[in-house]
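Below you'll find the structure, written out as structure tokens, and then a few comments.
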Amino acid sequence: MSYLQKDNIQNQRENVVLTVANAQCRLGIPVEANPKIDEKAVTEVFLKVLDNYIKWCKYLRIRLAWNSIEAINRDRRLFLVSLYFLIWGEAANVRFLPECICYIFHHMARELDAILDHGEANHAASCITADGSVSFLEQIICPIYETMEKEAARNNNGKAAHSAWRNYDDFNEFFWSPACLELSWPMKRDSSFLLKPKGRKRTGKTTFVEHRTFLHLYRSFHRLWIFLALMFQALTIIAFNHGNIDLDTFKTILSIGPTFAIMNFAESCLDVLLMFGAYATARGMAISRLVIRFFWCGFSSVFVTYVYLKLLQERKNPNSDSFYFRIYIIVLGVYAALRLVLAMLLKFPSCHALSEMSDQAFFRFFKWIYQERYYVGRGLFESTSDYFRYVVYWLVIFACKFTFAYFLQIRPLVKPTNIIVDLPSLTYSWHDLISKNNNNLLTLASIWAPVIAIYLMDILIWYTILSAIVGGVKGARARLGEIRSIEMVHKRFESFPAAFVNNLVSPMMKRMPFNTQSAQIFVLSMQVSQDMNKTHAAIFSPFWNEIIKSLREEDYISNREMDLLSIPSNTGSLRLVQWPLFLLSSKILLAIDLALDCKDSQADLWSRIRRDEYMAYAVQECYYSVEKILHSLVDGEGSLWVERIFREINNSILEDSLFTILDPQKLPMVLQRLTALTGLLIRNETPDRAIGAAKSVREIYDVVTHDLLTSNLREQLDTWNILARARNEGRLFSRIEWPKDPEIKEQVKRLHLFLTVKDSAANIPKNLEAQRRLQFFTNSLFMDMPSAKPVCEMMPFSVFTPYYSETVLYSSTDLRSENEDGISTLFYLQKIFPDEWENFLERIGRLGSNEDADLQESSSDSLELRFWASYRGQTLARTVRGMMYYRRALMLQSYLESRSFGVDDNNSLANFPTTQGFELSREARAQVDLKFTYVVSCQIYGQQKQKKASEAADIALLLQRNEALRVAFIHVEDNGATDGKTTKEYYSKLVKADGNGKDQEVYSIKLPGDPKLGEGKPENQNHAIIFTRGEAIQTIDMNQDNYLEEAMKMRNLLEEFRGNHGLRPPTILGVREHVFTGSVSSLAWFMSNQETSFVTLGQRVLASPLKVRMHYGHPDVFDRIFHISRGGISKASRVINISEDIYAGFNSTLRQGNITHHEYIQVGKGRDVGLNQIALFEGKVAGGNGEQVLSRDIYRLGQLFDFFRMLSFFFTTVGYYVCTMMTVITVYIFLYGRVYLAFSGLDEGIERFAKLTGNTALSAALNAQFLVQIGVFTAVPMVVGFILESGLLKAVFSFITMQLQLCSVFFTFSLGTRTHYFGRTILHGGAKYRATGRGFVVRHIKFAENYRLYSRSHFVKALEVALLLIVYIAYGHTGGGSVSFILLTLSSWFLVISWLFAPYIFNPSGFEWQKTVEDFDDWTSWLLYKGGVGVKGDHSWESWWEEEQAHIQTLRGRILETILSLRFIIFQYGIVYKLHLTQKDTSLAIYGFSWVVLVGIVMIFKLFSFSPKKSSNIQLVMRFSQGVFSLGLVAALCLVVAFTDLSIVDLFASILAFIPTGWMILSLAITWKRVVRSLGLWDSVREFARMYDAGMGMIIFAPIAVLSWFPFISTFQSRLLFNQAFSRGLEISIILAGNKANVQA
């Protein structure tokens, strides 16, 4: 092994040892004198680690590196496992190529086998370098890496076409063909695999080419589109035949046959077309399949169409013998049967095994034609029960969708269509070029198009509604939301210990070995319910108290609340369960009041008390505690008195005669004396306090004897000789025994709180976050989860967090520096979290002091303040603290399991361990180190240390505070000079903190080069994943959090890997999230609710019944060994894998994994809180989905899933964005259709000839579009989630509040964001990681900044829609008048307003006059600044304008942009024929003359904008000429208006016509920039563009300026934005004004 790096060997040695040791622990620890690893443990690890290699060999039909598993002994198996891990550990970027690693392992395993057989430690021949040295890295990995690096360089920083270079998948898929064996061993350097690209020559893709086109949507999901087309065709035929299905109608319906064949042929054409770029390098079999399918589909489409046309001819002949009809039916029947059989065998679960067993060449050929065979994607079927569940789900959706489509979309259009087709020739208002003599085809298209657009996307609406219903029902069945308030926590607390023990306590702790014969007593007493409850409470208490302690450490509760929430240990001799004081507080005082008011018997009083079970507990505990405490305090005669009193009371209780021996009216006096006594006893003993305590006991004696007891019993006690003598001699209660026993001290403290806490604790804890956490934790105790294994037997796991350069810890400067409003982060946090700030000051002992000055003086307090603030932001410190709770929880569980419990003779749980010092237990720490690892991959930590950046110091601080934390990073070294060039060496390093707080290097592994060849985050994960351990790995982003109570459930979650979840064991466990940023603003609340809805209800349905849940970058738990042997936990190819996380889900599913979802455990998650942050995030996700459309993963899943699972997959991934885009396109289709009717004059003409009432379909379509647009269907799952987890009333209130806070405006705006970035990405590319920032101080965004961000994505499109609406108002004809117009265009106007003004409505201080003035100055400065070399778009309009054009790179993109831009020509063409001047003249010359006028206007603009750079004399002449010309122009215009038919209205109409044409010309000029620049017109184009941006800016700015005049608008906006924060006590108006003085006053 000398050819491998030493640190790699040590790292993987530790990895293998831990993996095998943990496998052995599950089987049981050997007890022999010389223990050996069990054969089963080694075999289990061997089969799991090498599972992918075994499948790869089977797929390629090559022999394994061993003959059979029985033929190799245990040691050989360990050698092979170690070899695989060593190869993987040093493979660097090649780890993304799992089958390449299989290939390397295959050959190196044979070399190892030969070495072991010969018994000589020779070097592996493949690793010997030219100079005789040996290096696996240099000989095997570096050649592959260098080729990948050269290919990655061709992507031009993500701008090149995906087809121009090979990505990671292309390299890996080379090994999916037996041809890979031709690579030989050692690998031939001249092979096609290692061929480096030269110049512009492509090396060729492997099995798939990611061409940038929307056609991928049809190719990947052609079955969906064919199905929708056929159903639409069939329903339309039935509708036009008035619902009568006779033989004639049936023959017409059979036209779906040619449609199906032709659409199938179109898909095969796309297969051929989109494989361009891979024909030279793809497998011959794959090419053969494409060619065969192309000709087969072509032939079948021609044949079926021919036969059907003959059938139509035959139908016209009444005397025909229906020959072609019979032929057609037979052909369709045979074809349908064949497709059905193949679909059954390949997709239907119970038939799949049969198809796998079939070896018939004929059958295999048809199966191969029907479905391509890849290494991945085989066996994508589920169990029959799962299959039927999601089939039924989709059948319900189809029933709803097609019923709606037939009755409300298609049938209402039949009559209008027939009328329009039969209309006589209509008069057109313009020069018509297309529509005459074709039955008004364009008119029909304008009516049908929006209906068809909604028909294609409304399936998402029905999916959303049904998923909300199914998700709600499943959530209710899972018992979510049973405990939804702190009152419910109080009421059900009694049942928590038993539920906790049942689910979260391991059998080892439940067994509890007992001591000697007392065990028998205890076993008998276990039959008594009270004793069982006591046992459960004793087990529950240490865990509960640690949870409460963690809440105190996090400052969610105060010291007093901690005392009230803590539960006693319940291990003492007290015979009943002791509950936390927050349940029992003030109950004694209430019981006393009941006793004072009681006029009935003892039984009646007790009956009243027992109505409140916690009052009964309080009375009983108080009674027994007083007895026990008094017994412990006194001795001798005093002890006899206590015993006698309680004996008498007990007897009277049994005889139901309590009121005969004592007077309940005197109880308050007794309580008063007891309170005085306990008040002394809870303090430390002093002589004075001892005297005072003795006096208090005597007072109790006097009050009880002379006041409380009735006369008969009083006389007996007074005449009791022993007592009387002691009293007379002064010995009675002269001295007391101060409490020393911990149990007695705890009881004294508790009794004192019982007697003194008079306030109700109904709202304890007060903090909303603490309430939420306790509610969820206690609710989860009653949910189904696997039983917890002992820590020693649990599945080991790692937590993994990638970090780049985000905030680690807020510095003191960060916290105190003020923004433009005078607000510091610290001040903001103090106002947002006032109770947590008070609790923090109490914890550090600064409550009531001069806070800020004192905190700055003390370095420790200053550091605590930094952590306090950082734990409330989205920082690495918060994430690390949260994840280290796993270690703390496991140490607590291990510590308690390792102790034995006993029972003393009083049936008390003796020797029950306390949790004090559990974190110092060596055994617990050692056990947890075996089970838990936390690695933070800080990619540039090495560079940060070299620069002495604050982030490096903060990371080092985290390492010091968390001994188990490990940090991995890339270390770069300059390695001397060779040939005059300095080369860099890259190392992957792992460090921890040493005893002195310095970084201690654990491992350092050399890399073949810079690991960043693709996307940064997945490669950051990849370099560090070799340092993780265990069988599971949880991926945690840097903006996440965790809680101790949730960490306690991790053992249960990991057991899900061994649970029954269908045909296959889970490979990814989905975990619920709580979004903790929802309280900052209304926007943050909308985002939080939307996200929460998806990560709970949405993913619940995706996992079951749909079986299509993927990995979404959430805190999922991966089967580590499954994924590291199959390419890792994300994909990393540049741009195409920009949404790297979801590809882990795709990969897992394609490789026969199983992804589940579990909601009894949750992890915290931060989200973006400002509109710009949210827009950037949604842009990133939408762009990522645009890239997914092009990817091979989507294609394969779309092709290989069965039909119904494919539907689920489509509508929950890229289909969601397709439907979102269709929602916006529907608006355009509708408005352009209406504008066409208005300009052509057909709407009025049709209305004149026939009063149409066919608006039902259009209304249905537009209503559906509007409901999607405003987010109603986004809100449906949200509301169901609210109802489930918060209750109906709160759900209704939340929904109404969201509407009042304009959530519909936000959702409509988000619709535009998603549509823009998704569409642009598929058209032009440009998807990239967009840093959103994770700060929580909401600042005012300047007008110019908003304009830059939203100008092209929202403003331009909104103004286009507004222009269409204005034209429709001006020239359209609606029979119903203005009401009809408003109803038809309401959604469009709402969209315009939302897209134009949402950035300013949701902008803090957006309507404050001073800010508005400053924004205007800033915007004009930016607009007019000329820019130059190196000037960024933030400072100059010209630079920004140039950047906005960067996405148009390719000829295909330019052609598409040109086609899209030509739509603007309709405005000028339509309006010129509507002018008064033209007088209904429809000649084409009119339109031509309008272009002459436009050119004249351009020339005039050019004349006025011309500014010579020569002498001032010329400038003076030019300015004079411009002035004279302008006066002449005005005069000429007045004369034309006066003496011709040109009216003032015509002038405004002309502006309306020329503005869109100008924009079209601008768009075309930008698209063909090189041509325009070569003509010397670029400067003029730029000035025109500046004018357009200035105009758009003014249109948007004017309403804002007007509203800013009114002060109440700004106040209203603040309340609108920050209502949620107001409910938390935030005075946002003070914050935004920066008025600290008012606050301090």
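Indices start at 1 and increase along the chain as displayed.
A Cβ is built for glycine as well, from the same backbone N, Cα and C atoms used for every other residue.
Of the listed segments 87-104, 1455-1472, TrEMBL assigns transmembrane segment to 1455-1472. The average per-residue pLDDT of the prediction over the domain '1,3-beta-glucan synthase component FKS1-like' (75-188) is 88, rounded to a whole number. Long-range Cβ contacts of the transmembrane segment (260-279) within its own chain (Cβ-Cβ under 8 Å, at least 6 residues beyond either end) map to 163, 202, 204-209, 211, 213, 215-216, 218-219, 222, 225-226, 229-230, 287, 290-291, 293-294, 296-298, 300-301, 304-305. Within the chain, the transmembrane segment (1206-1231) has long-range Cβ neighbours (under 8 A, six or more residues past its boundaries) at 217, 221, 223-224, 390, 393-394, 449-450, 453-454, 456-457, 459-460, 463, 1098, 1102, 1106-1108, 1110, 1142, 1182, 1185-1186, 1188-1189, 1194, 1197-1198, 1258, 1261-1262, 1265, 1268-1269, 1311-1312, 1314-1315, 1318-1319, 1357, 1361, 1364-1365, 1368, 1385, 1387-1388, 1391. Using a Cβ-Cβ cut-off under 8 Å and counting only residues 6 or more beyond its ends in the same chain, the transmembrane segment (1587-1608) has close neighbours at 1343, 1347, 1351, 1355-1356, 1359, 1396-1397, 1400, 1406-1409, 1411-1412, 1416, 1419, 1423, 1437, 1441, 1501, 1558-1559, 1562. Spatially, the transmembrane segment (1266-1284) is adjacent to the transmembrane segment (1379-1402); three or more Cβ-Cβ distances between them are under 8 Å for residues at least 6 apart in sequence.
Beyond the transmembrane segment (1379-1402), the same-chain residues lying 6 or more positions past its ends with a Cβ under 8 Å from any Cβ of the stretch are 1082-1083, 1171-1172, 1224, 1227, 1230-1231, 1234, 1255, 1258-1259, 1262, 1265-1266, 1269-1270, 1302, 1304-1306, 1308-1309, 1312, 1341, 1343, 1346, 1349-1350, 1354-1355, 1357-1359, 1361-1362, 1364-1365, 1368-1369, 1372, 1595-1596, 1599-1600, 1613, 1616-1617. If you look at the transmembrane segment (1355-1373), the same-chain residues 6 or more away from its ends with a CB under 8 A from one of its CBs are 1224, 1227-1228, 1231-1232, 1234-1235, 1237-1239, 1243-1244, 1247, 1312, 1316, 1347, 1381, 1385, 1388-1389, 1391-1392, 1395-1396, 1467, 1470-1471, 1474, 1549, 1552, 1555-1556, 1592, 1595-1596. Long-range Cβ contacts of the transmembrane segment (447-470) within its own chain (Cβ-Cβ under 8 Å, at least 6 residues beyond either end) map to 228, 232, 393, 396-397, 400-401, 404-405, 409-410, 413, 416-417, 420, 1097-1098, 1101, 1105, 1211, 1215-1216, 1218-1219, 1222-1223, 1225-1226, 1229-1230, 1233, 1254, 1257-1258, 1260-1262, 1264-1265, 1267-1268, 1273-1274, 1276-1277, 1279-1280.
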